[in-house]
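Sequence annotations record features per position, and here Swiss-Prot assigns Mg(2+) 1 binding site to 296, 300 based on similarity to another entry. Summarising the annotation, Swiss-Prot assigns Mg(2+) 2 binding site to 296, 300. Per Swiss-Prot, motif 'DDXXD motif' is recorded for 296-300. Here Swiss-Prot flags 437, 441, 445 as Mg(2+) 3 binding site, drawing on similarity to another entry.
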């Protein structure tokens, strides 16, 4: 009889009793009324801001405080006007405006999908084609340049140089800094650029940072804190409902060998779909995340190769009449996943008149096939080439399932042309998730004897050391972000889903930046979840 492996996963610290104890007063009507009054004041503030730099800085603050979505109509008009004043081919005037203005304008516009050329920075370069050394003392300008460089696309060498130049001088500034606030700002940027950060987590940091500044606007601070607390109250109610649902499934008892990461799965879904009004999509995505985790552990840890082959065939046929061919734990999992998938397809058919069951089924089939391929590699002791591994692993990372599920539950009406675009881009979008996961979990998973990851495959291909392989994977991540900047930000293949698609990369970077933030109770992940779901912002009303 084939022995079963055990990953010895630690139990989640987020049990149902704790989750049900979460409570917030910020769902009350008086807070909603106060928020509306503050929004009116901010709208007036936006209307009265005329200077171009002040407008850009205000929009930047609104975005980082997490409240810009309340004023999108106003901010979009401002950005259209600013972009419309572009002087074709004349970049010298940017030097007069300064590096901070030029870089901030570049980043804010590119974030919104405007085709701002990298040549706007040419006026800050000398005849040799290097950035002028006189810029090395411009702290604000360098931070803005560094942040802007992460909006680059493939082949934009000026922005590559901008990243290297600003990074070099910002690291030196941190070493020599006497102003703690300035040092903290630089360190924050260097740890993770703004373009790759999770919106809600950035808001937590930036509210505290901005509030302590001499130029902080108290109305913006109050609205940001109040809005955060109100959305947190929404998250708490969703999390409590999901925890009750998970308890009722009995999956934790029946699949005791697996990771049961309800709160962590909710953090994933929140990172991808943060908007308070998208609760339906967020909760469905969390359920799907829970199923993915269980299926992953069945293939990676517990199932025998013979059982996994039968499970894969039954998922391919999508036929519950074949359940008796499976052991009990697989029957329970498949039936629950099967019913939930069909239920989601029914709700979409009922509400939108479009049948997506074949799409949803196809995603689970593709995922299970890739899981089975990796299981056969493990059982045969086979190390794939890096290319062979990534072709399978970008799917087994579960990005396509997450992206399509997110699209189906946040988009109305569902557009067939957008679905075709998502099919073209899903694997590439999933690659950042896979590579970030491998960087964070590779060491732990190799200790468990899992299939080699990108790092080990590249080491096997080239004979390089682990650190060189890690640097290679980081370069691959950078390349995928550049591709996403072009394919998603600039080309806008989806009317409203582009930010959500980009968010998959952001939450991936967040979860795995300090190791495996999902597989086990992790101090960094715990800190993030407490800030997002438990602790409200201090505010006096």
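Yeah, the Cβs are placed from backbone N, Cα and C, and that goes for glycine too.
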Whole-Å Cα distance, residue 441 (Mg(2+) 3 binding site) to residue 300 (Mg(2+) 1 binding site), is 14
Could you state the CA-to-CA distance between residue 300 (Mg(2+) 1 binding site) and residue 437 (Mg(2+) 3 binding site) to the nearest Å? 15
Rounded Cα distance, in Å, between residue 437 (Mg(2+) 3 binding site) and residue 296 (Mg(2+) 1 binding site) is 14
Across the motif 'DDXXD motif' (296-300), what are the DSSP residue counts per state (helix, strand, coil)? 5 helix, 0 strand, 0 coil
Around residue 296 (Mg(2+) 1 binding site), which residues of its chain at least 6 apart sit with Cβ under 8 Å of its Cβ? 371, 396, 398
Counting other Cβ atoms within 10 Å, pick out the least crowded of the binding-site residues 300, 437. 300
10 Å Cβ neighbour count around residue 441 (Mg(2+) 3 binding site)? 21
